[in-house]
Amino acid sequence: MSRRSMTGSIKYKGKMGARYESGMKYFKNDWTCLFDVKRLCKRIVNSKDEYIFNLTSKFCLISEILICVLILTFGKYTEIDWSTYMQQIKLYQSGEYDYTKIGGDTGPCVYPAGFLRIFSLLSSLTDNGFNIYRGQQIFSLLYLVLVFLVHKVFKATRSLPPVALIIMAFTSYRVHSIFILRLFNDGISTIFVYLFIYLLLKESYILSLLSFSMALSIKMNALLYVPVLGLILMDRFYFMRTLKYLLIIPGVILLLSYQFIISYPNEYFGQAFDFSRIFLYKWTVNWRFLDESLFLNVTFHKILLLSHVTVLAIFIWTFCLREQLFFMRKVYYVIERLTRTRRFGFISKVFNTNDDIVFGLLFSNFIGISFARSLHYQFYVWYYHSIPYLIFSGMKNDKGEMSILSLSFIFRCLIILIIEICWCTFPATFISSLLLQFCHASIYGIVIYDRWLC
């Protein structure tokens, strides 16, 4: 071997040796912290580095698998809507396209056609719905897919402490029940929502909107994300291109619904997109402290809608357009995005980070849920995983760190625990629904303090 090649080899080995020693030191430091409780608590509460987040994520995923196995083994299945879903699927597969005639024991089909497509597949996988245990196994896998997507989304933001993943894993009794013991369609819609957010962060806009369209075609609650979704696209592409992207959503929904639209269009749109549907008082989780007559009052519904629109507008104006510090800068930003002109060169983009995107979408959804006319038990999955994110992603103390013993941290954990207790209280009571509203108001306070005042 020549002297030159030997020198190169020594240099190469020297570099590799240095990397090995550095890697072993990093590995040793991280694994020894697992046996140092104080250091471990500090890292999972404050660490934003990828390594500790991945380690916590793997621990939580393994824990979730074990929890799912325990529920499948010892949990008791409760029949609520699964048999009705299967009755509706049977009518659809027999050639019935009149939506007013597609129904079951608990009522007519009130979901868009994507629901029928997805549950037709589930029907074929579960012997027309009779093999319930196999259905539970499938929903267990779907639940794990959702958890995986949630972790991927939150990891991309680099703003959520790992402790939030642990809290999500061990305060999710009701969500496990919604998936594995009840087999509701809300969980499947939520999977597509988080897939949509993940793909949006990856800038796969067409795939992202296809996923969002699927979520919307299963359950209409996904509409709560649309205002901020539109703003995010406008921030990237201006008005006309945003409009082209958004047209993907009705295009997919119409494609999935073509059989019903061709045969009975009025019946389909009237049934699947009925926003005036009356909810039963006995199932409400959030307004049980009100009298039933007030709960059913149309004026009350209009007040809730007006409140929703007002708070959403304030959020968009103060947070989503926060980079434009003054009123006229906000006006210029809107004009620039609508007209695709660059006459206002000092106008900066609004959604600059993954955290901006995720927070904007999840808080928009939370605003809609907090002013909902009624929340049923299965609706919890609509926003359960976003609660720890809204509560913890912006929390800092004066030193820029959190303490696991601080009153602020303990209060935030209590909010999550109380929300879980409220959703697990059946039937809902005066106290449980009042506490739920208090917790929702507390989340508003936390977000305002963390995102605006600090």
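Backbone N, Cα and C atoms are what each Cβ position is placed from, and that goes for glycine too.
Sequence-distant neighbours of the transmembrane segment (52-74) (same chain, 6+ residues past either end, Cβ-Cβ under 8 Å): 30, 43-44, 133, 136-137, 140, 143-144, 147-148, 151, 155, 162-163, 165-166, 168-170, 176, 180-181. Among the features that TrEMBL reports, transmembrane segment is placed at 52-74 (among others).
As annotated by TrEMBL, transmembrane segment applies to 137-154 (among others). Note on the transmembrane segment (137-154): residues 57, 60-61, 64-65, 68, 71-72, 122, 125-126, 160, 164-165, 168-169, 175-176, 179-180, 183, 187-188, 190-191, 194-195, 197-198, 201, 358, 385, 389 of its chain, located 6 or more positions outside it, place their CB under 8 angstroms from a CB of the stretch.
Among the features that TrEMBL reports, transmembrane segment is placed at 175-199 (among others).
Per TrEMBL, transmembrane segment is recorded for 205-233 (among others). For the transmembrane segment (205-233), same-chain residues at least 6 beyond its ends with a Cβ under 8 Å from one of its own Cβ atoms are 111-115, 117-118, 185-186, 188-190, 192-193, 195-197, 199, 241-242, 245-246, 248-249, 251-253, 256-257, 273, 275, 312, 316, 320, 350-351, 357, 360-361, 363-365, 367-369, 379, 382.
If you look up TrEMBL, you'll see 245-264 (among others) marked as transmembrane segment.
Taking Cβ pairs closer than 8 Å, the transmembrane segment (303-321) reaches residues 227-228, 231, 330, 333, 350-351, 360, 363-364, 367-368, 371-373, 451-452 in its own chain, all 6 or more past its ends. Per TrEMBL, the feature transmembrane segment maps to 303-321 (among others).
TrEMBL lists 357-383 (among others) with the feature transmembrane segment.
Outside the transmembrane segment (403-423) by six or more residues, the chain places 41-42, 45, 163, 167, 171-174, 285, 377, 380, 387-388, 391-392, 395, 397, 432-433, 435-436, 438-439, 442-443, 446 with a CB less than 8 A from a CB of the stretch. TrEMBL lists 403-423 (among others) with the feature transmembrane segment.
Sequence annotations record features per position, and here TrEMBL assigns transmembrane segment to 430-449 (among others).
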Most Cβ pairs under 8 Å with the transmembrane segment (357-383), selected from 175-199, 245-264, 430-449: 175-199
Same-chain residue ranges lying at least 6 outside the transmembrane segment (245-264) that approach it to Cβ under 8 Å: 97-100, 112-114, 117, 205-206, 209-210, 212-214, 216-217, 230, 233, 237, 272
Folded-back contacts onto the transmembrane segment (430-449), same chain, C-beta under 8 angstroms, at least six residues removed: 284-289, 363, 366, 370, 387, 390-391, 394-395, 412, 415, 418-419, 421-423
